Structures are given as structure tokens and as C-alpha cells.
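*Asks:* The structure's right below; bear with me while I get my questions together.
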């Protein structure tokens, strides 16, 4: 009869507050922050520092959030129902820019593949791919005729920031050449119509191209700074424009209204005419303003950039700019790679260690229970009564932690090198430590005056020596019945040994990089292995077969812990995430999966 197995699937994932390569944004109320955490989306209460919602991928209008991913996909999330409405996959590189239209039924995306793609959110499909950029898209700023895909205007250098005023009359872009470029925005105008400021003051005509949504209004190069533009922003009322440079200067400009800009244009033209009559010189434009719509001869009401945007103030930082921390969201995540994971005997909490701290988590909810700041940790171990835990450091010390009040009760100088591993003895009266100093030490512990004390064990003789790996062994584990031992090495090899004679039963090369940790599922000969290749592999050590390859992490997987019943296990990764994998009731047959793999291989 064909043997069946139970499948493991990803459950909760926690440990990451925000992915370093993504941005964060406030919601409309300003009370919540939306942050990308690998493939999930977290909604944080900014003041309380708690995660209000976690949006994870699954398939179903609107309070929608568009998120671009490193693999080129775009997911549309509904924050009310906490579901993923659509997944778009047209980009060949990471998505670097996203922008909704005013109605919210279309979204434009730009990527590292130099393309802009317009998506129909309601229909769930891509409509247009626009290819004219010479490098990755940082902001969506171009206007396009979708029937023929021409670009209507492009900056002379890389665009670093754009913004529009609240009334949607002007759009400003800041680029690497220090100039600010201003555009007027066309709203539902037919060919031959024009935009004016009222009272006959014409700003720009759209006679040339009825599809031209953005028309270059002018360029402003009177900036006092020599650095490139970093950010441009209008204030909420639209009467002020701030330009932050890459140095320590912010330039504030006043945005004049229609009447004020008209009066200023009249004064400028009158002074220009007076100077021309007095000196007999030909009329020239002011330095720093390039009027692209000078109009016909005799037009005395043309408004230029300097008539609308008037320099108000330059703010310079004389000293180093200091910030004051008001609220911090840091409890729910590690600051560096996770080095070890250990489950308590009753599976009520899991302990994770990293280069900077120890954290205790609830594996069911993903909430962080305690954080203890201890540097340079590489291993961890929870005592059988779950009241105390041990952590090993790179300096060779072992620190005893009270898990109830999250304090360090004692520090023991255990080894002369990094404590790489701490494992419980089968009789649960002690534990074993392994270190880079070349020693394996056996310890006993007892509770004396409410604090644990540690002692050495005597007279240990070697039983077996296992030869076969070509590179250093990084991990090992023994089965519950003591029949088998499995080892993982830097040579990408997983070896299964018999403990009766020390013979190698099988060598398995399925990992594409170093094997970081292996563990047997309790009371079985099933093995779970993790490695630097981001994979989690599930094996049958009796039949020497790879049953499942589970992918979920985005960087190398460093550590692994399995529950006593084998109903779930947790993995920790260099991407700072902790994933729980739950055993389901869904059976699968390895022989059937093998047949499917062979069919796919022959079809290709």
C-alpha cells in the first residue's frame, strides 16, 4: 500500500516591522502607519505601537492599498476585509513607483525594468505598457497618449521628487540638475482650448495636442543652493511650496493667487517696456525664467513661473539637525538576523536570539512577550520547567534568563570561544554545549536558593566517530528512539547515519547551499532541514526521500525548532522573520508528486 504523509503549510509569520527596501505611509486619518514586511502588509497604530491589522496574500472594492514587490508583482489589498483583491505580474524587475488616479479605478506602476504599466483595478488586468525610460522609474510623472504611447515631456536629468498643488493646477518636479520645472495640468479640455487664471489672464494654450495633459509652464533656476533637489512639497492650502535640497537648506516659495500673479505680470511687463524704451535694447526674458508660451506680439497678460512662484525664505541649518523620538515601534521585530530558535516544552512560547537581543514570542498570535537586550548571541535553550532559559554568546559566556520577569539572573564563563549549540540531555537533568574552542561540555543544573547553578559531568568516553563530510558539519540531531542521527554540512550534503555501527545510510544533495540546521520530528524518522538557499525541506529518513520543499523566506534560513507533538515548527531567517509552519489534515502521496515532477520535466 502506498504510504501517505501530512502536508505542512505556512501559518503565522512575525518578527519583521518594516522591510528595509520599502517605504512607509500614513493612512487618511494620520493615526495608522502602513508598512511592508516582506510579503505581508502591516497596519500599525502610530501612538500605541501595536499592529492593528496584518494583510497576508490570499484571493477577492473600496479602501484599497497598492503594494509593489521585489519580484515585480503588484498586490491590491482591501484594508477593511483584510484580503488581497488582485495580483498583477507584468514587470520584469522590482516595482519602484505606484500612483492611483483620482477615481481609484486605475493604478500606474513603474519598475526597475524601465517600463510604466497602467492597470485596470476593477477589471483586474493590465491595459498599457509604456516603454520610453532609459533607466528605472522613480516617480510616475510623464503624460502619455495611450493610443500611440508617446511621451509628451521628459526632464533633462533624473527626477528625484514631484508634487502637485491641492487645486491640481500645477505640477512641479525636482531633478539632479538643480532646476525646478513647473507644469500646468489640463482638465478635460478639447483641442484648441486654454487654461486661464480668470479675468483674461491666459496661462497656457493646448492648441498643439489635445492629448497633452501636462504642459511645460516654465523652469526656475534661481535656486541659491548648488545641491540637487531632494524633495518638493506643497502645503495643505497650496499657498506655499517647499524645496528641500540634498544638503542642509530648505527654500520656501509663496504661491500667488490669480489676482496677485496678474498684477505682478503687468508690473514686470511695464518695467521691461520702460527699460526697453529708455535704453533702446531688445526685449529679453528675466534670468532664470524660460517662458515657453510667450504668445503673440502684443500679448501683455502672459503669466510666467516667476509671476506665480515668488521666493519667500531660505532656511539653513547652522548646526546638526537633531530629532526627538516621540513614539517607537520596535518591540515586534529583530534588528538583525535571527541566530537561534527554541520552543518551550508546552509550546506556549518560542525564544529567538539575534546579535542584539533575546525575544520571547507567542507562536499562536505572533505577539512579542518580552525583549532582553544582550549582545552577540548565537544560541539558545529553554529549560524543561520553562521558568529559565540559557543563551550562548560569541564571547563564550552563558547567561541564565528568568523568562517570567525577563531578567538575567547569572552569567557563566563556559567556553573560550563562541557557544554555538546548547542541547538538552535525554534524562533532562542537564544539557550539552558545543563551542568553537573545540570543547563539548556536559552540564548539570539544580535550583538552589531560587537561582540555578551549573556543574560539570565527569568521565566521558567517545563511542563513534562519523567520517564522510568534505566541509565542516554545521548541525546534527538524533531520532527519539536513538537509531538514527542526521548531520548537515557546508558541503550542501545531508547525511543519515546509524547509531549502532556508525555507518552512513544515505547522502542526500538537495540543498543548493550550506545546511544550517536539521531536526527530527518527535517519535518519527521524519526530518526537517533548513539552509542558506532559503528552502525548508521535509524528509523521510527511512526511505531517504525528499517529501516536500517549502518556500516562504526571502533570505537564508538560519534556525529551526519543532514542537513536541510535531504539529508545527518554526523557522528563523536572515530576513529577520519568524515563520510558523502548521501540519494540516491534507494527505499527499510522495509517489504521485514524483510522477508529476517527471511529467513536468518531460514536458519542458
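Just so you know, glycine gets a Cβ as well, placed from its N, Cα and C.
Note that TrEMBL annotation is computational and uncurated.
The annotation compositional bias 'Basic residues' is assigned in TrEMBL to 263-276. Per TrEMBL, the feature region 'Disordered' maps to 261-297. Residues or ranges marked as repeat 'WD' by TrEMBL: 88-129, 152-186, 331-371, 412-453, 466-507, 508-549, 550-582.
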*Asks:* Kindly report the helix/strand/coil residue split of the repeat 'WD' (88-129) according to DSSP, in that order.
*Replies:* 0 helix, 25 strand, 17 coil
*Asks:* Which sequence-distant residues neighbour the repeat 'WD' (550-582)? Criterion: at least 6 residues beyond either end, Cβ under 8 Å.
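*Replies:* For the repeat 'WD' (550-582), the sequence-distant neighbours (Cβ-Cβ under 8 Å, at least 6 residues beyond its ends) are 8-16, 19, 37-39, 70, 333-343, 345, 347, 350, 352, 354, 361, 363, 366, 513, 516-524, 526, 528-538.
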*Asks:* If you average pLDDT over the repeat 'WD' (508-549), what do you get?
*Replies:* 91
*Asks:* Tally of helix, strand and coil residues over the repeat 'WD' (466-507) according to DSSP?
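*Replies:* Across the repeat 'WD' (466-507), DSSP assigns the residues as follows: 0 helix, 21 strand, 21 coil.
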*Asks:* Can you tell me how the residues of the repeat 'WD' (508-549) break down into helix, strand and coil by DSSP?
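*Replies:* Per-class counts: 0 helix, 24 strand, 18 coil.
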*Asks:* What does DSSP give as the helix, strand and coil breakdown of the repeat 'WD' (331-371)?
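*Replies:* Taking the repeat 'WD' (331-371) as a whole: 0 helix, 20 strand, 21 coil.
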